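Step one of this worksheet: look at the structure below.
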Amino acid sequence: MNHMSASLKISNSSKFQVSEFILLGFPGIHSWQHWLSLPLALLYLSALAANTLILIIIWQNPSLQQPMYIFLGILCMVDMGLATTIIPKILAIFWFDAKVISLPECFAQIYAIHFFVGMESGILLCMAFDRYVAICHPLRYPSIVTSSLILKATLFMVLRNGLFVTPVPVLAAQRDYCSKNEIEHCLCSNLGVTSLACDDRRPNSICQLVLAWLGMGSDLSLIILSYILILYSVLRLNSAEAAAKALSTCSSHLTLILFFYTIVVVISVTHLTEMKATLIPVLLNVLHNIIPPSLNPTVYALQTKELRAAFQKVLFALTKEIRS
């Protein structure tokens with residue numbers, strides 16, 4: 001009640017105007033949140049450690065400074081940004097009861113989440129293009145996927161997502177929030193926040209849907225097209241061994257794509273079926289922002305021979321240092 005009274009102001013029109021939101025955490029299991037914070041904290045620390053280690057390994061090994069691993073390094077930075085955008089605040093809610101978040105902070109978090117998720121989708125598309133050129137046009141690969149192209153593609157994704165995401169928090173900030181300010185969530189999601197608005201929130205829902213289709217929808221379509229062309233090229237190879245080797249270079253990337261976009265689709269379905277305030281979609285939303293940053297380095301380390309060898313070398317050096 002203290003949070004509620006402190007975060008509502010009376011305007012000249014005698015309406016209660018919200019000045020801050022209260023994030024209640026996972027719906028229906030508030031008493032378990034201290035226990036849930038432990039795996040979340042471990043996932044966050046493992047995400048930071050694993051992604052940082054990947055970056056160091058790529059930086060220190062000239063043999064790994066190839067387009068595929070450079071894109072992986074960029075993905076690692078995006079993953080750390082995404083995890084850091086949400087997990088520290090969630091842990092503050094669970095450990096210190098820091099449930100209050102100001103409107104500017106909330107809208108900034110909405111922007112950051114959408115930006116990093118869009119960047120992840122964009123980098124996955126860049127990695128799909130890299131695999132397409134490597135398998136379908138191997139002789140032209142060095143002249144096509146150059147350092148200049150990688151830089152331009154990355155800058156394009158930054159600009160694209162920066163522009164695409166801007167309308168989402170801007171429209172959310174223009175809504176009239178009155179009376180209710182408690183959100184059954186661990187983070188500021190656009191649809192969760194705008195569901196508290198007193199005025200028409202359809203522009204926000206339409207905007208998010210359109211931008212999602214223009215951004216991640218187009219990324220996924222191009223990724224699918226890339227893999228159709230890759231599969232067509234592989235099936236034309238005379239050697240089964242060569243075909244298997246070509247497809248093996250895509251296994252890590254395909255694993256990330258399937259996990260990332262499957263959860264995106266499930267979350268979208270839960271929003272369309274009006275399940276926004278129940279435990280499952282809230283939990284999925286949080287996991288979608290923390291599992292990929294933790295999973296991506298592990299997938300590549302286990303499935304990529306060069307990176308696995310570099311990991312083993314680092315672990316051997318660390319073990320030797322500890323024993324000495």
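Placed from the backbone N, Cα and C atoms, the Cβ positions cover glycine too.
Note that the coordinates shown come from a computational prediction; the quantities given were computed from them, not determined experimentally.
Each of Ile56 and Gln174 belongs to a differently named topological domain in Swiss-Prot, hence to opposite sides of the membrane. Three or more CB pairs closer than 8 A are found between the transmembrane segment (64-84) and the transmembrane segment (282-302), so contact between the two stretches is assigned (pairs 6 or more residues apart). Between the disulfide-bonded residues Cys106, Cys198, the minimum number of other C-beta atoms within 10 Å of a residue's C-beta occurs at Cys198. Sequence-distant contacts of the topological domain 'Extracellular' (85-108) (same chain, at least 6 residues past either end, Cβ-Cβ under 8 Å): 3, 6-7, 18-25, 33-34, 36-37, 40-41, 43-44, 116, 169, 172-173, 177, 186-188, 193, 286, 289-290. Beyond the transmembrane segment (282-302), the same-chain residues lying 6 or more positions past its ends with a Cβ under 8 Å from any Cβ of the stretch are 26-27, 40, 43-44, 46-47, 50-51, 53-54, 72, 75-76, 79-80, 82-83, 85-87, 90, 113, 117, 120, 184-187, 189, 252, 255-256, 259-260, 263-264, 266-267, 270, 308, 311.
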